[in-house]
Amino acid sequence: MASKGWQHPYVNIFKHVRVEDWKRSAKEGEVSTCTDKRLKCSVFRIRGPVPANSFIMIPKNINQSLGLTGRFFYLLFRPTPGKYFVVHLDVSAEEGQVVRISFSNMFKEFKSTATWLQFPFLCGAAKDSVYESTAKSARHGLVGPAPTSVRWTCLTLDLQYTLSVYLNGCYSQLKSIKLCANMAVKNMFTSNLLLDPGLSFSEAKLMGLVSSEGTGPVPRDMSFPVPKGGSWHDLYDHIRFPSGGTKLPFDSIQKDPPRPEASCVSDQRRPIREEPCFVSLSKPVQDRVSLIQQITAPKSVRLNSPPRCIYHHSNKAQTAQVREESQLQSGTQESIKSLRAHPLFSTLSSLEAAPDPILRLNRITRLGGATTLQALWSKSGDEVVYPCHAIIVSMKISSNQQRFFIGHTDKGNINPRPAERTSLQEDSGKIQGPESQEAILRTYVYVLPHTWPCLPEHEGPVSLVSVSSDSLQVLAATSTGNLGFLDVSSRGYNTLMRSHTDTVLGFSVDGIRRHLTSASSDGTVRIWNMDSLHQLYDFASEDSPCSVAFHPSEQVFSCGFNSGIVRVFDISAAKLLAEHKQHRGEVVGLAFSPDGEFMYSADSQGSLALYNATEEDLNVIRVVCNVVARGTEHAPDALAVSSDSCCLAFIGPSEYIVTIADSRSLDELLHVDVSILDVQSPRLDSALRVCFSPASTEHLLVATSSNKILWVSTKTGRLLREVSKVHKHQCSSLAVSEDSRFLLTAGHNAVKVWDYNMQLHINSQMFIGHSQPIRQVGFTPDQLGVVSVGDAIFLWDFLALPVDSLTDSRSPLVIRHTPAPKSAQPHTEVNGVRLSNGMPRRTAPLPSSPPPRLDISTLDQVDQEVLGSLSICDDPPTVPPASVADPSSDPRPPSSFLRVTELTHTSPLNSSLTEAVELKGKKPVRPDCYRHFIPRFKTSTLDQAAVAPQAGEEGIKLKAVIGYNGNGRSNMVWSPDRGLFAYSCGCVVVVEYLHTGSQRHLQCHSEEISCLAVTHDAQTVASAAGGSNASRSLICIWDVQNGTCRSTISYHRGAVQSLAFSRDDRFFLSVGDFSEPEVALWSSKTFQLLSSVSVSGPLHDAAFSPSAAGQLACVGRQGAFFCLIHTQGSDVDLKVQRVKAPSEVGEVELTALCYHTDSFLFTATNRGHVCVWDVNTQRCFMTWEADEGEIGVLLCRGNHLLTGSNTRWLRLWEVEAVRGVKPQEKVCSGEDSGTSVVLEQEIMLDGTTVSAAFDTSMDMGIVGTTAGTLWYINWSDCSSIRLVSGHKTQVNDVVFSSDERHFATCSEDGSVRVWSAPSNELVVQFQVLNQACGCVCWSPSSSTESACVAGGYSDGTLRIFRLSSSEMEMKLHPHQVAVTAIQYSADGHVILSAGKNGLVAVSSPMNGATIRIIRDHKGAPITTIQCVNEQCKNLKLEGKEMWLAASADRRVSVWAADWLNDKCDLLDWLTFPAPAYIGDDSPPPSLAAFCPADPGLLVYTGYGVEKELSFYSLAKKQIIKTIALPDWATCLSLSCHSQLIAVGSKGRVVKLIKSSSGRFQDFLQHSDSLQTCRFSPSGKLLFTVAYNEILLWEVQDL
């Protein structure tokens, strides 16, 4: 095989290695052969739940090589529908380096190292399928598992191109191939020819294509069969990488957009590209070839000619440089590559749903360590370089910003030396240089004492001196860990860093002041600023400190010592508050309760102490001996306190026992023996660490000696789940994030971040950097950072955005009343609740405890007894009479006026402050299942002073609601026979007429609607929403015909979980949520309460029997509840029997139910089971596993059952066989019973199923998902259509196009959506992963062909999308921080954008260049940018347009510009005074806008002395009028029609104001604070947005 000629024209790889013999190839797992119906030939099928466990590998021996030199690699395969697959190609470069190229639909984003490229594979879908429509709206293929309609694919990879562009390597040969499950494979081949699989030999001959020109058809034995008269592209997919289309991203492998067939091969005759000299990319995940090509030449990029430039990524941990190609030297490429070796991240594992990497090293505080102490200056003199154990650190002396050089695997003897090159070069962590510098140092040190009049006095012996190259700066290090430099010119000494000189044993964080305290073996305790790691204080003692803990709210910390003494220090007063000597051994654990009431300490001799932390001297309350495991192995965090401050956990009295005790008395509540949890293990397991989950106090995590982490129930002690092989060595520390999404562990010298729920294919990411065992790790309270200590203090940036724990389904807030500590400072007093880290969080007041009701205790499945009944005749509960709010009854007039003041200047007035209200009560923990409704957490409350206008007098009328609330549960109803279709969005019920698209809006709620129900005659709809300000929930009964509210019910204290009408519409049922699980039965005629029953656990779903009168059922955590209604005269009793879930399905919660007939009931579980019950005997007689996740929706029609789950699968089952099953004593599966249910059809939707409604035959229906989409499903032809689409996350901006034919929205999920008007249908969606889009604007052009939408993103980029082509036109990167405002100039020649740092960039939309940067607002985020077409001559400046920018510091700048002549002059600068803001949240935004009728008049509102609108005249240079406001404005828009102003507030009110008179009206249709309002260009329409609720109003007048 010395000659390569045998490989021409192609190599059949399966034939080359004789794959069927398995001698030169290997197979593992489920690999089989079968005949494919489409290809009519034998193919290999690779299947398995874990892709890495089932594969075909060629060659068999990893030490051998295929030696295939063909430039193009062809793979003929079909991904398995609904599954993931992975392909690995090992290729050799001419330099000898082996690079792995991997692609998979499992990968979320492109990743790169020096030896590994990972590309996401985006599966295509069949024509006209739901997946194709989803892909079109997202502008790319389907992310994630392959769709059901995925086709056979010919994949063509240009290996030469891939190595050249991404790694600057020269391709040599293909070494090996590994095909991993799940896929079917026909064959693979390599060739130097770029072949077209859709081209037949006859077509190629007619076109004159020959192989000598480098192209042609695919060989016959490699081709896919095409029926006579058929089209290849109609049956199969061809995917090329790089893509033939220049608009597609270069960081994923996906199908090209459709193009004329004539061009399919026309571009294949291009000459072979010459290899560039320098192409090297650092951090290609964010700054890769697509970025460079789109910025430099968006319309003429050629794949064969990548631009020649070097691009360095910049962040806190790495310094970036952008250099011209002529400046690059011979060693530059190695220098750039070494930046990737940041302490880092093991690419063998990654969290799927999080950034990769999820941690980024920010700062290290330690000088030298165990290595030789050396330090030197950079050539430029602006950086110093020194070792920290195995890491080389480069620190800028101006900012203390650090860079890290990784390459050494041990601390060893690292000796950095000055480099000979002109700039600092990073080369494997070593820096070489001339010897002459040492002579200069010796000479300078000798001369200095004789010439310098005063030398700085150091805290310890000077161990190092280094002089900069210009001899103007002298670097000095001391044996006490200090590093600083002497500035010769200014004769000043600057301390760069202080650090511990020995192992750091433990730490604690003050979340309020962002302080960090650490204890070290060097005998000191130090306090650091967390943002800069500058040392603030240090405490020295002859006794050795070993553990520390901060008080959750006060500037107080405690420290435990080796002698057993516990000392408490007041930082602000720098004094010792208390000293306790009750311990006899080393203090191994120290902790405060999150509420600040108690402190705990434990020592190595087994004693445990409880202190009163509300007293200044922290008196000892109780000391218990021999309860904690002896020894120091569990230090420094041997104690764990639950987030509700109720429980204390520790290991003891032996290492095999974990004890949970009452935190207020130390009384033991529970013992968990971890040694018996694994009966299979040959040795006893012992506990090492314990940790509570902050969001769920029922979870205690235990790290064990067998390298496991156990999740243990704090109530029962039962094992909930476990994870094995956590680290290579034993786990030394663990912590859970505040929102319980992530778990942090440390083992030896590695840190791992885990998915807390362990539900991903790859659940962890590993990070290295420490060279000694890590003693402790933890999240910072804001969850934006991670701290790890051992050989040094490492501060990491945590790159996963925190989710508020109150909104996460797995993170309930545990509420506890907290009295303010006596010694608390004013700024630390908290009225409210605290999370486990001590940070205050505000919540709404909770109601008092509900009156006692009938409680249902556990019953055995065999011995079931009637629990009892509750009749309203004995003791009827107090229920407010049904009523409908009458606006006319309010004494205030419907039309009001705001105070308007005509003036020449303003006079400041004192602002009033509102006192906080203490919260009381304890909130129950919500169940861990998605089926249970939890309202989205809101900090806003409805403005009770607002009054809606009377009917017929409204200045604006609600025209349309855009979107569907995917956070609701069963909040969509459809009656196909009656034509009724209704759903909820926010607090509005939308009744939509599908044939016309028009809407009717039912408005009575003020909170988020949780669920809906409809009577069987479709004449009445019921809706439920939680109450505001801790009031009871409100249930509204609507008359569908006239849209009026017939009656209201206010009964349940929490949210309403479910509503249902009986089959005869005689009864109405409501079910309370987990905070008050109660079933209430009402009369559907009068809506008076008939009976109610309370249960002991949460209920998830309820339903009436479709045929048997008086029968209903509920399901929840405690099992199934069979209910029977007994009526005797006017008395109604509700009798209930509870039955546990069958033991065959394990510990589950029943989440959904539906009746099959009057004798069968289907229930679903949170683990994917479906259980079939006999209603008469109340026994479960059959189960089967219908899904891999939680089933939240069940629906039965005839013999068909529908299941919807959180795996996004919607499945249709044929269950006729259930009728033939005889209920047995023993529960059986479908197979065991001799019959089986049949899965007829399935479809994957865009989110978790939350609601469903189908016709009686189950042929067609409507399904709602958490993605905010309502789908029309037709099972007969397997079709699906989006009926309603909305944003799932917060909408940040909405804006009309100039012709008002379209409008655009953008949101936190990174999507920009364009909608058509007036149909309000989604036209196209532009999606950017892992970024938030904060603002959006339209180009001024009114032509549809030239219309563009520009969006500003959180990574500092701007993206321009063209509407006509539905493609991204250009990507710009003018900012290094998030973009907060964006606007085209009035003439469209430039784009003005502003960042969070206050910089305004002027960019060209033609070539992407940044024309100028305006720094006047630097330091304060820009909130508003507006441009108007206005001549500036009357203002004595030249310019064809004006524009303004408003910033958060209450400053507004006004500019005159002529962009064609490159003129932009400051016209005016306004500063609005304000007192200091003392609110708990951020101050109101600064908002400004030009008056449409008179651009010389500017309107401003923001935080200030008064709540008001200020009208500023640019000509008079003064405020000429003000309009008082009752609340601070959160958004503002001015209409060019009728002098109207729209103002939104945090009180959920849209206020429409007449600027001339001050007349106003309030509109209360939103359920959260307003964040955006925007008039259309004509002023006839108005958009208002609150979170993801988009309302469109028709403007009348005031």
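Glycine is treated like the rest: Cβ placed from N, Cα and C.
The domain 'CFA20' annotation in TrEMBL covers 1-121 (among others).
Per TrEMBL, domain 'CFA20' is recorded for 131-193 (among others).
Taken from TrEMBL, the feature region 'Disordered' applies to 408-432 (among others).
The compositional bias 'Basic and acidic residues' annotation in TrEMBL covers 418-429.
Residues annotated as repeat 'WD' in TrEMBL: 497-538 (among others). Sequence-distant contacts of the repeat 'WD' (497-538), counting only residues of its own chain at least 6 positions beyond either end whose CB sits under 8 Å from a CB of the stretch, comprise 363, 365-367, 395, 400, 479-484, 544-553, 555, 557, 559, 571, 574, 635-637, 772, 775-776, 778, 780-782, 785, 787, 789-793, 795, 828, 837-839.
Taken from TrEMBL, the feature domain 'WDR90/POC16 second beta-propeller' applies to 508-797.
What TrEMBL lists as repeat 'WD' is 580-612 (among others). Looking just at the repeat 'WD' (580-612), the mean pLDDT is 93.
Taken from TrEMBL, the feature region 'Disordered' covers 817-855 (among others).
Per TrEMBL, region 'Disordered' is recorded for 870-897 (among others).
Across the repeat 'WD' (1284-1325), the DSSP tally of helix, strand and coil residues reads 0 helix, 24 strand, 18 coil. Marked as repeat 'WD' by TrEMBL: 1284-1325 (among others).
Residues or ranges marked as domain 'WDR90 4th beta-propeller' by TrEMBL: 1290-1597.
Remote same-chain partners of the repeat 'WD' (580-612), defined as residues 6 or more beyond its termini with a Cβ less than 8 Å from a stretch Cβ, comprise 546-554, 558-568, 618-632, 634-641, 643-645, 648, 650, 652-653, 663-666, 816, 818, 821, 834-838. For the domain 'CFA20' (1-121), the number of residues in each DSSP class (helix H, G, I; strand E, B; coil) is 14 helix, 57 strand, 50 coil.
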